[in-house]
Amino acid sequence: MTRASTIDFGRKTQNDVLWSGPLRPANFIRNKFPTYKKSLNGIVIKLADDPEMPSLKEIVAKETADLLDRRQRLSVRELAMKFEKGLNTATLLSNEVKWRQAALLERDILLKNLKNVLESLRSRVAGKHKDEIEESLSMVDVLAVQLSKREDELLQQKAEVAKIATSLKLASEDARIIVEEERSNARIEIDSARAAVQKVEQLVKEQEIEPQVNGKQDEDELKEKAQEARRVKMLHCPSKAMDIESEIEVLREQLAEKSSNCVHLLKELQLHQRYEENDVSSYELEGLESLGSVLHIVARSDGFVDLSRSTIQWFRVQPEGNKKEIISGAIKQAYAPEPHDVGRYLQAEINHCGEISVVKTAGPVDPAAGLVDYVETLLRNPETEYNVIVLQVNGIKQPTDSIHVICIGKLRMRLAKGKTVIAKEFYSSSMQLCGMRGGGDAAPQAMYWQPRRDLSLVLGFETARERNSAIMLARRFAIDCNIILAGPGDKTHW
């Protein structure tokens, strides 16, 4: 042992040989190189366990998949930034592969030096130590094989990283191109928008200038037309419109005259027939037998007959079958037909001192000319308003110095004076509507309306045409609501 320790091989001691020189650089990568452990049996080489980290291929694949997954949600600029980030990551991974390759080269050098040292020791020792050195040499060979396999894997990963880096670089270039294209397109759109705004501003300025010029021209034209109209009015007769209105008024008078003559002839014909049958009534009806007129009961005899002491009742008579229908409330000497009477005969029974006389119209009541078409036009509107005056409220006369407005809608009727609502009711079975049955010269223009059971009104319209159109319009709207509007005691025939 003393001899062995004093032998000088021109190098350092055995321990210095094993732990100095070329083996010293292995300290900074001790986690990746085999460790040497002394035991009772001698030197044992044990491979260090690699840390549990994902492989380079998995890292690159995960990063690429994340980029592809979020590509649709990123803008063009963010996509370009992401591609640049991926390219930088691929560059870092490529550098890491280079560093690992350099480390493998250093490992090869270290293993080669270790093998040379062990072989030199094997030639200088014998016995048990020689066997241990041979075992160490075999383990170094195994380690070299494993390191060669790892080197092959790193080369494959390097090739894949290079491919991915190339693709990311191309994608980054494409993203840059797309960004530039989008920028150019945005600039073009901004320029076009600016041009459009300038054009609109120019048009607005032109339009602000044109109305002033056009307004002056229109004013001059209107003045010329007014002067021309004054000149024509001074030189010529009344306008054509006035001539047409006067002609229409003359035709109406002629029509009314001919209608009265026709009714008079029919009455004389009936009187002649009754003379032949010895059934001559002491009374007759005066007035046009049409909607908008008033029928009066007059005596035929020359002597004075006081009808105020007689009881009168008016009836509707069907053209076929002579079926009578009493008109509730029509007990006066005069009666104004309403739309419900059109197409039916009107008959009055006079009881004077126990003697009953009957008078009847010569024909069915005629409708007013153009009234049906007028009502059809009003049906197109959601509601129609009429100016009226309130004649009676619950049978009590009212002052007629204020104007009210009655509104007839598709679902309800409303009577108001200014902002004050007097009555507003939906169409219902308790509502009643008809013409005024009390007689008088204003009866053709008066309407009876009972919106609810505790309120009844008599309304006066401006014309008989408005009264009749209001009744017909309200009844048409009520029928659409499955309600039939009629007067007190009237039977519904629809």
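Note that Cβ sites are derived from N, Cα and C of the backbone, with glycine treated the same way.
Between the listed ranges 241-268, 409-436, 465-492, TrEMBL ties the annotation coiled coil to 241-268. Of the listed segments 71-98, 183-210, 323-350, 379-406, TrEMBL assigns coiled coil to 183-210.
Predicted-model confidence for the coiled coil (241-268) is 69, expressed as mean pLDDT. Taken residue by residue, the domain 'Stomatal closure-related actin-binding protein Ig' (283-380) breaks down under DSSP into 14 helix, 39 strand, 45 coil.
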